[in-house]
Amino acid sequence: MSAKGVAIITGAAQGIGRAIVVRLAADGFDVAVNDLPNDAQVAKLTELAEEIRATGRKAIVVPGDISQEAIVEKIVADTVEQLGGVDVMVANAGICELSPIVSTSVEQWDTTQAVNLRGVFLCFKHAGKQMLAQGRPGRLIGGGSLGGFSGLPMGSAYAASKAGMRALTHSAARELGPSGITANSYAPGIVATPLTIGNYGQEFLDSQKATCAVNDNGTPEDIAALVSFLASKESRFITGQTIMIDGGRLNI
């Protein structure tokens, strides 16, 4: 069974990232799955890769901190060596540490930018370089946030990193478009993931349903469905976009 292509997904151990891996594999992609290189996350990645292989697709585990350039270079190189190329990069990994502006430390700020903005830049840079070398169309996809549009009280560092990612996405689209490489990002609203539940609690998430036009929160699978389209050939005329997927939250 030939592959539709090869996709790298960062932040893949749980939540939205995991759902994206499952969806892209179901779409026919072979996958390289990434998350932090600690025992707990690697165990989750290994289990996920085994689940994907059981469906007939290829899957490799490429753990590492995507804020480090040498690590991202190795992730791309290992993927090319073991799976044959890179057609889709989903730079999904991100962190969110809540803190008022007046008590946010420089270290908190820098760590957030390193993962959420520099990490996406490095993924786009090295996957984009590989796509150019391959001489065929590719898809760069970033994990944004509604906070990149609206700001986020108690989350200024996070919101700023996601706003920066919007500009990065637009810039990459304009640079790489002539080579058939598109760059887009998805900006979820409230989605029930381990990260959001850990930061806000289930009671808060339940209370937010009424703030959405559809009277519900999103699921990781909702986000994965959008990524599935952005990764497809059918999305070729969409680029430079950060697409809000928020149940109408900003429109009511």
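For all residues, glycine too, the Cβ spot is worked out from N, Cα and C.
What Swiss-Prot says about this protein:
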| type | residues | note |
| --- | --- | --- |
| BINDING | Ile16, Asp65, Asn92, Lys125, Tyr158, Lys162, Val191, Thr193 | NADP(+) binding site |
| ACT_SITE | Tyr158 | active site, proton acceptor |
| ACT_SITE | Tyr158 | active site, proton donor |
| ACT_SITE | Lys162 | active site, lowers pKa of active site Tyr |
Under 8 Å Cβ-Cβ from Ile16 (NADP(+) binding site), six or more apart in the same chain: what's there? Asn92, Gly143, Pro188, Val191, Thr193, Pro220, Ile223, Ala224
Max CA to CA distance in Å over the NADP(+)-binding set Ile16, Asp65, Asn92, Lys125, Tyr158, Lys162, Val191, Thr193? 28
To which of the binding-site residues Asn92, Lys125, Tyr158, Val191 does the lowest count of other Cβ atoms within 10 Å belong? Lys125
If I restrict to non-local contacts, at least six residues apart, and a C-beta distance under 8 angstroms, what lies near Asp65 (NADP(+) binding site) in its own chain? Leu36, Pro37, Ile71
Only counting partners 6 or more residues apart, tell me which same-chain residues put their Cβ under 8 Å from the Cβ of Lys162 (NADP(+) binding site). Asn116, Gly144, Ser145, Gly147, Gly148, Ala187
Students should find that the Cβ of Thr193 (NADP(+) binding site) has, within 10 Å, a number of other Cβ atoms equal to 21
Assigned conformation of Val191 (NADP(+) binding site) - DSSP reduced to three states: strand
